[in-house]
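One structure, pasted below without further comment.
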Amino acid sequence: MQYHLNVAHLYGDLMNPYGDIGNILVLQYFGKQMGIEVTSELVSLDDHFDPDKFDIVVFGGGQDFEQTIVSKDIQTKKADLTNFIEDNGSVLAICGGFQLLGHYYVGADGEKIPGIGALDHYTEKQEDNRFIGDIVIQNQETGDKYHGFENHQGITFLGENERPLGNVLEGHGNNGEDGVEGAIYKNVYCTYFHGPILARNGELAKHILINALKRRYPDADLSNAEKVTIPATY
Ligand code: GLN
């Protein structure tokens, strides 16, 4: 059986400074091996986000200026995005996207930029500093190590019901203080990794596809998915 999953590339025309769109190409690459056709559509300013139409949302990172624009528009999509998340929809949110799923982000100039509070984290500013460089984390549930590159001014603190994507082995992570990176809530995966993350961490791509497949097709045959081999890319 040929399965089909549809990805919403949320603000992909504004939030894509490090080629985070590559995450969608990776979902298509692994999807093909798993018998899943993965299509994608841009959902941007003034567009309606229809939670029934999509299986996965990919929300990339962004610069502060673009985040102020997205912050205003995303309030109109807040209810639908929150429903999608609560209904176990899959989300991959990177850096600026991660920040805007939480309560707020304080930009480098001190402006407080509202998020949608779908997840319970918040992001403060650093004093004249950015966290830039290679990063390695370890997911405590699977033992998988994820490799990537971080570049962020904001420092994020997780809230209730969220668990980290991993513990920091090298690099800074969410805030440089508590030793954790990213967030997981239901089928939402947040991270500061650019690179893009799924290109270097195929296990995570596979995991996101399986979550989305099970939700759309509760009786899906997962035997092809289990056979997919992940190339070592680092
Ligand atoms: N503008 C945000 C920050 O500097 C997000 C950066 C990004 O997405 N790379 O923290």
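Residue positions begin at 1 at the first shown residue.
Quick reminder: no glycine exception, Cβ is built from N, Cα and C everywhere.
Keep in mind that TrEMBL annotations are predicted by a computer and have not been checked by a curator.
Here's the feature list from TrEMBL:
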- C95: active site, nucleophile (ACT_SITE)
- H194: active site (ACT_SITE)
- R130: substrate binding site (BINDING)
- 6-201: domain 'CobB/CobQ-like glutamine amidotransferase' (DOMAIN)
Looking only at C-alpha atoms, tell me how far the residue listed as 'active site' is from C95 (active site, nucleophile), rounded to the nearest Å.
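Distance (Cα to Cα, whole Å): 8 Å.
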Determine the most Cβ-crowded residue among the recorded positions R130, H194, using a 10 Å radius around each Cβ and all protein chains in the structure.
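Its Cβ has the most other Cβ atoms within 10 Å: H194.
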Rounded to an integer, what is the Cα-Cα distance in Å between the residue listed as 'active site, nucleophile' and R130 (substrate binding site)?
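If we compare the Cα positions of the residue listed as 'active site, nucleophile' and R130 (substrate binding site), the gap is 13 Å.
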Through the lens of DSSP with three states only, how would you label the residue listed as 'active site'?
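Its secondary structure by DSSP: strand.
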Once the chains shown are all counted, how many other Cβ atoms turn up within 10 Å of the Cβ of the residue listed as 'active site, nucleophile'?
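Cβ-Cβ neighbours of the residue listed as 'active site, nucleophile' within 10 Å number 28.
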